Amino acid sequence: MLEGKLVSATLLLEIGNTAWKLARYHQYQTPEFLSKGYGIDDLFNEFEKLEFDELAMANVGPEEHFERIKLYAETANKVLFEARTSSGFGIQHCYSREASLGVDRWLTLLLAKSEQTAAIIIDAGTAITLDVIDEKGQHLGGWIAPGMHLMQEALVRKSTRLRVSDETPTELLGSSTENAIHLGCKASLNGFVEQALVAAQVRLTQAGEANTPKVWLTGGDVPYLGNPLLPDDNDTNSAFLERLKSIEQRPNLVLEGLAVWYQQVNKIKAG
Ligand SMILES: Nc1ncnc2c1ncn2[C@@H]1O[C@H](COP(=O)(O)OP(=O)(O)OP(=O)(O)O)[C@@H](O)[C@H]1O
Ligand SMILES: CC(C)(CO)[C@@H](O)C(=O)NCCC(=O)O
Ligand SMILES: [K+]
């Protein structure tokens, strides 16, 4: 009997609110990052360059993205898998409506569960999110706030005289509107992370977590964390910098979670 291809080539796709990311799936290994882009049309161009027969995706953007990809998959003869937040998979939800938890956040919980660790997860993308999960897989909750660009955009959109620029100020306090906004938003972002680490640890302790949690950091806004303009010998700053240094940066955390999901779904399918 002629066997079909035993191993199919699978792509992993994360669609965020701003960017999409593609990786190649390898069984029991960290996904191999391929590319990142903005806009769905670019994504279809990217598909043309890649060889694959399965696509596993997670989308936090509009449903329309999924519909277009589904149509593409049907036409191009690709097997499509879509991860959606659901019950099971060893996660106990704290949301009363579990489906309203973003699939990107849920996938990072799945990753923590698969690594059998308590985790404090910060994703600094379009939005900055915190998620906390204990070793047993109980989601203890999280936070959502606007990311760096969204904060700046909101100020510009809702005001008359505010402007932003892409340049990174070299002063500690802004002496122009652009600098004042950049520095203010960056301070908010850092404040989020600083407070998140404290609140997460408190909540884990309350929940009886005995083991040290992993702290994972991901997202396009990571370069804004820490403030090199504050003196190193300042106690508050140096404690925060030390904490940041001890944090594990995992740039493709959601894709890693998607790989775990895909692996588990295939195992279930195989019986
Ligand atoms: N070319 C671009 N077009 C639009 N926004 C951009 C671009 N480059 C960077 N950004 C900004 O960078 C910020 C972080 O998004 P990033 O591209 O790093 O993706 P991300 O961290 O994966 O976020 P998400 O998963 O929410 O899309 C966004 O708030 C966005 O405004
Ligand atoms: C919070 C974001 C935008 C982060 O990407 C996403 O996870 C999302 O749309 N979540 C839905 C709301 C929630 O998680 O409570
Ligand atoms: K994200």
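Placement of Cβ uses the backbone N, Cα and C atoms for every residue, glycine included.
Unlike curated entries, TrEMBL annotations are predicted automatically.
Model, not experiment: these values are computed from the prediction.
The active site, proton acceptor annotation in TrEMBL covers ASP104. Annotation for ASP104 (active site, proton acceptor): spatial neighbours GLU14, GLY16, ALA58, VAL60, ASP123, VAL254, GLY257, criterion Cβ-Cβ under 8 Å with sequence separation of six or more.
Residues or ranges marked as ATP binding site by TrEMBL: GLU14, ILE15, GLY16, ASN17, THR18, ALA19, TRP20, LYS21, THR126. The DSSP secondary structure for GLU14 (ATP binding site) is strand.
Annotation note: TYR95 (substrate binding site) sits in a coil segment as assigned by DSSP. Within 10 Å of the C-beta of TYR95 (substrate binding site) there are 14 other C-beta atoms, taking all protein chains into account. Summarising the annotation, TrEMBL assigns substrate binding site to TYR95, GLY102, VAL103, ASP104, ARG105, THR177.
The feature K(+) binding site is assigned by TrEMBL to ASP123. For the recorded site, ASP123 (K(+) binding site), the DSSP three-state label reads strand.
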DSSP says TRP20 (ATP binding site), in three-state terms, is strand
Three-class DSSP assignment, THR177 (substrate binding site), comes back as helix
Restricting the binding-site residues GLY16, THR18, TYR95, THR126 to those with Cβ under 6 angstroms from ligand 1 leaves GLY16, THR18, THR126
If we take the residues GLU14, ILE15, GLY16, ASN17, THR18, ALA19, TRP20, LYS21, THR126 that the record assigns to ATP, their largest CA-CA distance in Å comes out at 14
Integer Å value for the Cα distance linking GLY102 (substrate binding site) with THR126 (ATP binding site) is 13
